[in-house]
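Peer 1: Here it is, the structure in full.
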Amino acid sequence: ELRLSNGTGPCSGRVEVKHNEKWGTVCDGDWTREDAEVVCKQLRCGYAVQALNQAAFGEGSGPTWLYRVDCRGDEPALWNCSHTGWGVFTCPHYFDTGVICSGFSMLQLTGGDTVCSGQLKVKQEETWAAVCFSQINFPTASVICNELECGQAVDIMRGTHFGDRHELIWQEDFHCVGNESQLAHCPRMLSHSKTCSHDATVVCSGETW
């Protein structure tokens, strides 16, 4: 088993693996994007945005299960990459690895008057999830418009009322600063509000400057 701990959601954090019924960490001074890519893919968390070491998400506990992992990037699981063996080296937790995954692979604006306006949806694994009005702010809209090559953000509006709609709802709030190149690079936190009254409609200027 594999999980990410101490991050902002299920798709970022310290890399932890379960072996012999016990959770432990991965220690690596040379943790690369290829290594992180395998973790993100295995967890169905999109692609790797950052590969981090030196306990970027805090020091873990328990055994150091994997040491010096060397992945090509296309392995089905982290333990299929070359490594020194399970638990053969006890490493200080200061070298615990972490990853930030994109968490989703694509975004789109649907049902608007133009291709550069509409209801915001992000792709979570194989399905599209609607984003709530309460989960985004204006800097986030700026990043979305920029990523879609739709110019500047003009407005964020409360979209249609959710009511009894049975569609997947995105579970995290976006906290973009506004200068990120992609929505996937923005910090995210799990939403405290369990209800989503309206979806988010984003309006971009439609012109690239």
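Every residue gets a Cβ built from N, Cα and C, even glycine.
Grabbed the feature section from TrEMBL, which reads as follows:
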- 2-102: domain 'SRCR' (DOMAIN)
- C27-C91: disulfide bond (DISULFID)
- C40-C101: disulfide bond (DISULFID)
- C71-C81: disulfide bond (DISULFID)
- 107-205: domain 'SRCR' (DOMAIN)
- C132-C196: disulfide bond (DISULFID)
- C176-C186: disulfide bond (DISULFID)
Peer 1: Could you round the CA separation between C196 (disulfide bond) and C176 (disulfide bond) to a whole angstrom and send it over?
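Peer 2: That separation, Cα to Cα, works out to 20 Å.
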Peer 1: Quick check on the disulfide-bonded residues C81, C91, C132, C186: which one has the highest count of other Cβ atoms within 10 Å of its Cβ?
Peer 2: C132
Peer 1: Compare the C-alpha of C81 (disulfide bond) with the C-alpha of each of the disulfide-bonded residues C40, C91, C101, C132, C186, and give the closest one.
Peer 2: C40
Peer 1: Rounded to a whole number, how many Å is the Cα of C91 (disulfide bond) away from the Cα of C101 (disulfide bond)?
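Peer 2: The Cα atom of C91 (disulfide bond) is 25 Å away from the Cα atom of C101 (disulfide bond).
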Peer 1: Please list the DSSP helix, strand and coil residue counts for the domain 'SRCR' (107-205).
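Peer 2: DSSP classes over the domain 'SRCR' (107-205) add up to 16 helix, 41 strand, 42 coil.
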Peer 1: Sort out the sequence-distant neighbours of C27 (disulfide bond) for me: same chain, 6+ apart, CB within less than 8 Å of its CB, listed by position.
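Peer 2: In sequence order, T64, L66, Y67, R68, F89, C91, P92, H93, F95, D96, T97 meet the Cβ cut-off.
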Peer 1: I'm checking region-level scores; what's the whole-number mean pLDDT for the domain 'SRCR' (2-102)?
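Peer 2: Value for the domain 'SRCR' (2-102), mean pLDDT as a whole number: 90.
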Peer 1: Would you find the one among the disulfide-bonded residues C40, C71, C101, C176, C196 whose Cβ has the most company, meaning other Cβ atoms within 10 Å?
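Peer 2: The residue with the most neighbouring Cβ atoms within 10 Å is C101.
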Peer 1: In whole Å, how far does the CA atom of C186 (disulfide bond) lie from that of C101 (disulfide bond)?
Peer 2: 11
